[in-house]
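Asks: Can you keep this structure in mind? I'll have questions shortly.
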Amino acid sequence: MTKPATTPAILALADGSIFRGESIGADGQTIGEVVFNTAMTGYQEILTDPSYAKQIVTLTYPHVGNTGTTPQDAESWKVWAAGLVIRDLPLLASNWRNKQSLPDYLKENDTVAIAGIDTRRLTRILREKGAQNGCILAGADATEEKALELARSFPGLKGMDLAKEVSVKERYEWRYSLWNLETDSHPEIPASELPYHVVAYDYGVKYNILRMLVARGCRVTVLPAQTPASEALALNPDGIFLANGPGDPEPCDYAIRAIQEVLETDIPVFGICLGHQLLALASGAITVKMPSGHHGANHPVQDLETGVVMITSQNHGFCADEASLPANLRATHKSLFDGTLQGIERTDKVAFGFQGHPEASPGPCDVAPLFDRFISAMAPVVDR
């Protein structure tokens, strides 16, 4: 197969590093924080994860696009990643579920992307210097000077509240479960078969989190990020779920206030990723920006109570500071990569959080039993 003519593209980092390659997405420009993800598969799930808003994602696996794309693998209604960086795009996408090639998918979603660069060199820079502000410039008139100027214009994620930007604007009900191989679909479960009612705060929720809850018997009501606690509690939930999301948790004062009000009740609370960080802030801890963050599907995490080590999917650039935990908040999990805090639990309430992604998508589901723990916490209320 003859390789088609390509459009030039440039990736510039704020430190002055320049990478020339070819465009595989939309023409134009994009700026954001450049991070690297070590997952070998799941590029469509990564692109559509709202937690990647304002981030340009570098995939360290060299061949990306082999299996094309399918609507069934999307984790939200659009691509949220600010841009994509890869080493090599295969000429053919081959998979029985493939509906659209990766380049066509990127163009349809107006996503700027670059291929043909040395991603190993780029990853070393990001690993040694930390996440960098950057720019991808795609088009025949792209220049290094312009790309560098744009890269340095990005203010960074510190202090940036993105949860309210990616959140839904109106509440909705979710009853779709995990993918069924026989029907090749995500089946919709009748409300009569879902005994638990969970209210989920959407700070950038992934579809597979909602599916995991439904698969365990939950009818889920998804609320906008800025919904007051009074409105959430008026729905008479059996449990409150705090979703994942992008950006810095500290500016999300509306969410912190709402969680504090929820914690005044006896309703079980479970937080993932940004939701975990917001639970920590609402309980009196502080959060910090990490040098490189955790982005991948192979991160070992240890359960501090049992000693069990689990391989987890991770995607975060901020974390709760363990040294700041108040007396009523204890550490439950730690990263074996860098020792950062991965799990917390209130000692005075039925409330806990996990920094990684138990729902995976992509990645392993070693930590999925945390969903079962949430169900068990709600069971006494439902059984009464």
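Indices start at 1 and increase along the chain as displayed.
From the backbone N, Cα and C atoms, a Cβ is placed for every residue, glycine too.
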Asks: Of the candidates SER23, SER51, SER76, which does Swiss-Prot annotate as part of the L-glutamine site that also includes GLY245, GLY247, LEU274, GLN277, ASN315, GLY317, PHE318?
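Replies: Swiss-Prot lists GLY245, GLY247, LEU274, GLN277, ASN315, GLY317, PHE318 binding L-glutamine, and from SER23, SER51, SER76 it also lists SER51.
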Asks: What whole-number value in Å do you get for the largest C-alpha pair distance within SER51, GLY245, GLY247, LEU274, GLN277, ASN315, GLY317, PHE318, the residues recorded as binding L-glutamine?
Replies: 13
Asks: Highest CB neighbour count within 10 A among the binding-site residues GLY245, GLY247, GLY317?
Replies: GLY245
Asks: On the three-state reduction of DSSP, what should I expect for GLY317 (L-glutamine binding site)?
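Replies: DSSP assigns GLY317 (L-glutamine binding site) to strand.
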Asks: Let me spell it out: for each of the active-site residues (CYS273, HIS357, GLU359), count the other Cβ atoms within 10 Å of that residue's Cβ, using every protein chain shown. Which one has the most?
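Replies: Per the Cβ count, the most surrounded site is CYS273.
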Asks: Using the Cβ center of SER51, GLY245, GLY247, LEU274, GLN277, ASN315, GLY317, PHE318 as the L-glutamine site position, which other residues in that chain lie within 8 Å, going by their Cβ?
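Replies: After dropping the recorded site residues, what remains is GLY204, ASN244, PRO246, ASP248, PRO249, CYS273, HIS316.
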